[in-house]
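Colleague: According to TrEMBL, the feature domain 'Recombination activating protein 2 PHD' maps to 404-482. As annotated by TrEMBL, Zn(2+) binding site applies to Cys409, Cys413, Cys436, His444, His447, Cys450, Cys470, His473. The region 'Disordered' annotation in TrEMBL covers 481-511. The compositional bias 'Basic residues' annotation in TrEMBL covers 483-500.
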Amino acid sequence: MSLQMVSESSKTGLIYPGFSLFNLNGEVFFFGQKGWPKRSCSTGVFLLHLKGHNLKLKAVSFSPDSCYLPPLRCPAITHYSDPSESKSPLYFIHGGRDPNNDLTNSLYLMMVYSSTGNKTTSLRCIEKNLEGEVPRGRYGHSINVVQSKGQMLLVLFGGRCFRPPGQRTSENWNSVVDCFPEVFLIDINTGHCTSHILPEIEDGFSFHISIAKIDRVYILGGHSIETNLRPERLLCLKVDLSGTSPSVQCTILQGGISVSSAIVTQAGNDEFIILGGYESESKKRMICNTITVENDNIQILEKEPPVWTSDIKASKTWFGSSMESNTVLLGIPGESKQDAAEAYFFYIVKFGKLDEESQVSCSQESFTDPEECSTFEDSEEFNFEVEADGSDDAENRDNADEEGYWIKCSSACNMNVNIWEPYYSTELNKPAMIFCSSGGDDGHWVHAQCMNLAESQLIQFSQENTKYFCNEHYIDRGIQTPQKKKQIKRTPIKSPRKKSPATLKRTPMKKSFLKRLFD
């Protein structure tokens, strides 16, 4: 295993506790940003790209028939991939908390719409209509896919929700409670929901671990708001579809662990690794565990953790999500480092290589409850490249426009698609360019970095309708690098010569005017 610190680009300022990652066709996507998406990236979903030690986010477009996916924090996420088919996996996203502090009960389906390698990837998002005993809006819960009698169902459990409408007042409007301890079964095809109350589960809890295999869901740990406890819990939920209606049986098993807000990453066909989380309100869980689910049994063993850095040990909180293939993205507050301007620092934890295709799934959870973190705030403004026709997606351009960013704009140009990194805060995945009004009838584009433009100049040129001339076409006109303005001679306005009364030509119209002026 390894622990590697990654340097962040300016766009990773969107990554805050409660974010989510999902893996489609070997690509990792990020959503749940801080604040509402801006018009420049209306989908709010990014391709997370790790290049060397650099972590970058690239805006992703949706298919025309996609629904809007809010920037949800701490939703329940799971995936299903039929091993007999070659299509990409299907992700299910339920619940979560939006930047307005509202809790949703919507169920979304996420899949790949189209992909052309590293150039463009489009996603398709569909909202599934739920009916029957629909679960309340919540966060910090789990959702898993189970299979029984040739059918697939979603198993939803736990989480936190707002107080019932009759108990919600202006004083406790945003306070949350543990959801009622009931298990929901959701038919993937019809969206029909059924609620099941189990006597073995007396109290509600949230931010637990859930792992599913075939027709069973194993639930470990979890935190209760009412008691503020994290008992050594291990439950097995078995779904039965042999009757006229689905049913659930619960078995209390021994050998559970005390943990909340941990993250699970897959290490093999039937093997998972638990990383992080909390043992108590003020103590992080620094050890790791290996979970093996085989032959309807679950085994939990302690695993040697990575060599934690002093910054990770000193931080009071941490958060993250699984990137799949034994890889975890881990974040700690920037305040743990002295003189740190960044909000968070990020690490990549790797446990090995996943060689086998998985037929089991786990529900992804965030490390940190948003109640324990900073309040939700508006997202920082980032300006992405936008087409002249007003299109929000910078990727909706033809191949000629795509290659145009990597032209040799001047004799000193050193832009290279393989080594280029964002230089200005307004750049996302392409270099910023400025239009030179000379060098031909139509002018040409030059890279702002090649012209040594300061960021303030770049912003100024993008906001003003000012002609710009690059170094090679500057002829003492317009603006050139460094910023230089031509002095404009101003001729004072001369007052008219005063004529004598003898030479003053008087007309009836003039007399009338003078009379009105001096009367």
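Here, residue 1 is simply the first one shown, and the rest follow in order.
Heads up, the Cβ atoms here are built off N, Cα and C, so glycines get one too.
All annotation found in TrEMBL is predicted automatically rather than curated by experts.
Looking at the shown structure, what environment does each listed feature sit in?
Modeller: For the domain 'Recombination activating protein 2 PHD' (404-482), the model's pLDDT averages out at 76.
Taking Cβ-Cβ distances under 8 Å and a sequence separation of 6 or more, the neighbours of His447 (Zn(2+) binding site) in its chain are Cys409, Cys413, Met415, Pro431, Ala432, Met433, Ile434.
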Colleague: Counting other CB atoms within 10 A of each CB, which of the binding-site residues Cys436, Cys450 comes out lowest?
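Modeller: Result for the binding-site residues Cys436, Cys450: minimum number of other Cβ atoms within 10 Å at Cys450.
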Colleague: When you measure from the Cβ of Cys470 (Zn(2+) binding site), how many other Cβ atoms are you left with inside 10 Å?
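Modeller: For Cys470 (Zn(2+) binding site), the 10 Å Cβ neighbour count is 23.
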Colleague: Let me check the 10 A CB neighbour count of His473 (Zn(2+) binding site). How many other CB atoms are there?
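Modeller: By my count, 19.
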Colleague: For the recorded Zn(2+) site, whose residues are Cys409, Cys413, Cys436, His444, His447, Cys450, Cys470, His473, find every other residue on that chain with a C-beta no more than 8 angstroms from the centre of their C-beta atoms, and list them by sequence position.
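Modeller: Everything else in range on the chain: Ser410, Ile434, Trp445, Val446, Met451, Asn471, Glu472.
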Colleague: Taking every protein chain shown into account, which of the binding-site residues Cys409, Cys413 has the largest tally of Cβ atoms within 10 Å of its Cβ?
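Modeller: Of Cys409, Cys413, the one with the most crowded Cβ is Cys409.
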Colleague: Across all the protein chains here, work out how many other Cβ atoms are within 10 Å of the Cβ of His444 (Zn(2+) binding site).
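Modeller: Looking across every protein chain shown, the total is 17.
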